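Following: one structure in structure tokens, then a few remarks.
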Amino acid sequence: MAKEKFDRSLPHVNVGTIGHVDHGKTTLTAALTRVCSEVFGSAIVDFDKIDSAPEEKARGITINTAHVEYNSLIRHYAHVDCPGHADYVKNMITGAAQMDGAILVCSAADGPMPQTREHILLSRQVGVPYIVVYLNKADLVDDAELLELVEMEVRDLLSTYDFPGDDTPIIIGSARMALEGKDDNEMGTTSVRKLVETLDSYIPDPVRVIDKPFLMPIEDVFSISGRGTVVTGRIERGIVKVQDPLEIVGLRDTTVTTCTGVEMFRKLLDEGRAGENCGVLLRGTKRDDVERGQVLVKPGSVKPHTKFEAEVYVLSKEEGGRHTPFFKGYRPQFYFRTTDVTGNCELPEGVEMVMPGDNIKMVVTLIKTIAMEDGLRFAIREGGRTVGAGVVAKIIE
């Protein structure tokens, strides 16, 4: 059979498995590729290959992640699976693999465990919008009442962290059976097929980056005699067209301006799009009115803030992080997009110190405003050295 070429016409959705160690995340990941290859014609990936996930670096942090892909009838899925709990924490906080939805794998034999809870909390903090549940190892549970009990526990846990527990789809099955091609009582391949159909129906198509409101972090500012001020950067999302009204947000008071030209590789364009490095010519803006670290945005789409709740991963000594813990009142630099801003860290009640390698919820107060939204990633630095990674969980002011 000829090798199929990647079908760009199918909408692309990013998912991943989350849940407690040994509840069957990797087995389910392998089973998904197997079932989808038989039903929808994508490639099979073996358990061992997923389990020995390669190391990758995201923002200087080493993370082991396995990436697989599979198709349903209507979509192309990119799926991430992490071997260790620490890898999940790092992955979700750095946004190395952002998920449009997560598959929570919970063993029906054991019920929710500490990491089940922690992964749901992390999903909430980093803004994973949808969770679908797969109750695994159901072939080991003879008692229907026990299954119901575990299902109720999982729903309660989801509701605790503001996911719609009562309405979350829960599929009951056995990933091992599906991987072995068995299907007694529809627990094997049928359950995985049902899972894929649920992903199709429950997780909506993600909004494409290009359809979101325009945002470009400013990396550099030039003044071109006779033409005015040009700001350069890589467009993070959306489209900017000549004559669009724009706002410059962060570090100082927000100012209003107009795009009078877009340049890329010294050519003039009518518009700049997400992912492109370009220069935007601004009308009526002086060279000294703008600086690196501000963002150029569609008016009203992003506001400047200084205080927020964050979920943070502190690099271990081995990862080049701090060798010693830090305490309340810690004042490092927070690196947002293109600039560092000093901020003060408030630790949760009862937490005296934070050790390298920990992940922690903290409240940060910056000394200058930054254009920010929930889900924005940042690095924590000391004198230019990265010592942590974080994500804005909730804006306070």
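The count begins at 1 with the first shown residue.
Heads up, the Cβ atoms here are built off N, Cα and C, so glycines get one too.
If you check Swiss-Prot, you get these features:
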| type | residues | note |
| --- | --- | --- |
| DOMAIN | 10-207 | domain 'tr-type G' |
| BINDING | 19-26, 81-85, 136-139 | GTP binding site |
| BINDING | T26 | Mg(2+) binding site |
| REGION | 60-64 | region 'G2' |
| REGION | 136-139 | region 'G4' |
> Using Cα coordinates, what distance in whole Å links H85 (GTP binding site) and T26 (Mg(2+) binding site)?
Replying inline: 13
>> Which secondary structure state does DSSP assign to H85 (GTP binding site), in the simple three-class scheme?
In response: helix
>> Counting by DSSP secondary structure, give me helix, strand and coil numbers for the region 'G4' (136-139).
In response: 2 helix, 1 strand, 1 coil
> Residue counts in helix (H, G, I), strand (E, B) and coil for the region 'G2' (60-64), per DSSP?
Replying inline: 0 helix, 4 strand, 1 coil
>> Helix, strand or coil by DSSP: which one applies to D22 (GTP binding site)?
In response: coil
>> If I take the alpha carbons of G19 (GTP binding site) and the residue listed as 'Mg(2+) binding site', what is the distance between them in whole Å?
In response: 10
> For K25 (GTP binding site), what residues in its own chain, 6 or more apart in sequence, show a Cβ-Cβ distance under 8 Å?
Replying inline: T17, I18, G19, D81, V105
> If you measure A138 (GTP binding site) to T26 (Mg(2+) binding site) at Cα, how many Å is it?
Replying inline: 16
>> At a 10 Å cut-off from the C-beta of D22 (GTP binding site), count the other C-beta atoms across all protein chains.
In response: 13
>> Applying a 10 Å Cβ distance cut-off over all chains shown, what neighbour count does T26 (Mg(2+) binding site) have?
In response: 21
